[in-house]
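K.L.:
Residues or ranges marked as NADP(+) binding site by Swiss-Prot on the basis of sequence analysis: ARG48. Taken from Swiss-Prot, the feature FMN binding site applies to ARG131, SER132, SER133, ASN243, ALA244, GLY288, LYS303, PRO304, THR305, SER306, SER307, ARG329, supported by sequence analysis.
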Amino acid sequence: MSHNSFGHLFRVTTWGESHGLALGCVVDGCPPGITFTEAEIQSFLDKRKPGQSKYTTQRREPDQVRVLSGVLLGEDGVTMTTTGTPISMMIENTDQRSKDYGEIARQYRPGHADYAYDVKYGIRDYRGGGRSSARETAARVAAGAIARKVVPGLEVRGALVSIGAHDIDRSRWNWAEVDNNPFFTPDAGSVEVFADYLDGIRKNGSSVGAIIEIVAEGVPAGIGAPIYGKLDQDIASYLMSINAVKGVEIGNGFEAARLTGEENADEMRMGNDGKPIFLSNHAGGVLGGIATGAPVVARFAVKPTSSILTPRRSIDKDGNEVDVMTRGRHDPCVGIRAVPIGEAMVACAIADHYLRHRGQTGRV
């Protein structure tokens, strides 16, 4: 199986399966001299880890990260400094229950990658989906924690903006609310609505999708490239690689098709500091594939997980018709834990383009 790596200069390779002994990543191309602690990486992993509320899978994984290479440990025994060599990180699996998947070892779960993996490779890991499981994304979150350190002044934040047909009220957007509720939503008024809705979904053994918005501030103007090396192109590609993601927008996205040229174009003026400013940000911080210095804004849609208790019609490896009901522990809305994953992937894309821009122009 190939295609386990992404990035050009800031290159990340992930490894491991949902029910294996461990999973992890290797970050290659990280500049030397960047300092961080395992606790900083852990803070992002804790946001993604399962079992934190009744609205996520009850699989209990501490997701404790270990940095194995590519750093020098400081005299304080805590601070690590990158050496410029590959940074390897590992997260052990401690709460896998493969017996839950015995019934579907030969059955194809509707909506999952079971059949696609089997038809391509002639073999699949039925225990939680193997590499196709969202468990793999823990390694991406660890890599994203490093990526945030590569670009000085970069801040990447994410929030859940809709669950099913329920949208937040954007007039109540407050970033301070995101970490104060189990849905990572910036609208405190939507928390009770989301909770009541997901309670019903969860009790019925069903699932629902979500939309997540990522905002990156402090992105240097000029990074990115025209045509085939666009910053927004790579952000979209990185986000589409996340399990269950079915759509990505940059800036106004599909809504731009409903606007006139006067409504959509971002007008400019000179700011008080003598630097250009945009009077709006319909473009989402990218024009011609190159960052403008405005916040980079992306949204991605996550489908409902196909692991539900409702019996669904399918076939097995022998072509027999079967009804499949997925047991085990699953998220009623995988979009909740996709928030830190989306943040990580956007951070990795920006870090890669930052290094590419520096290498090509000598400027940042």
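Here, residue 1 is simply the first one shown, and the rest follow in order.
Quick reminder: no glycine exception, Cβ is built from N, Cα and C everywhere.
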K.L.:
Which of ARG48, ARG131, LYS303 (the binding-site residues) has the most other Cβ atoms within 10 Å?
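P.N.:
Buried the deepest by this measure is ARG48.
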K.L.:
Just to confirm: which same-chain residues, 6+ apart in sequence, have a Cβ under 8 Å from the Cβ of THR305 (FMN binding site)?
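P.N.:
Spatial neighbours, sequence-distant, of THR305 (FMN binding site): SER207, ALA244, HIS330, ASP331, PRO332, CYS333, VAL334.
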K.L.:
With H, G and I counted as helix, E and B as strand and the rest as coil, say where DSSP puts THR305 (FMN binding site).
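P.N.:
THR305 (FMN binding site) sits in coil per DSSP, no helix or strand.
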K.L.:
Ten-angstrom check, please: count other Cβ atoms within 10 Å of the Cβ of SER307 (FMN binding site), all chains counted.
P.N.:
23
K.L.:
What does DSSP say about the residue listed as 'NADP(+) binding site': helix, strand or coil?
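P.N.:
DSSP call for the residue listed as 'NADP(+) binding site': helix.
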K.L.:
Given LYS303 (FMN binding site) and ARG48 (NADP(+) binding site), what distance in Å do their CA atoms have, once rounded to a whole number?
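P.N.:
The separation of the Cα atoms works out to 18 Å.
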K.L.:
Consider the binding-site residues ARG131, SER133, SER307 and say which one has the Cα lying nearest the Cα of ARG48 (NADP(+) binding site).
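P.N.:
Closest candidate to ARG48 (NADP(+) binding site), judged by Cα separation, is SER133.
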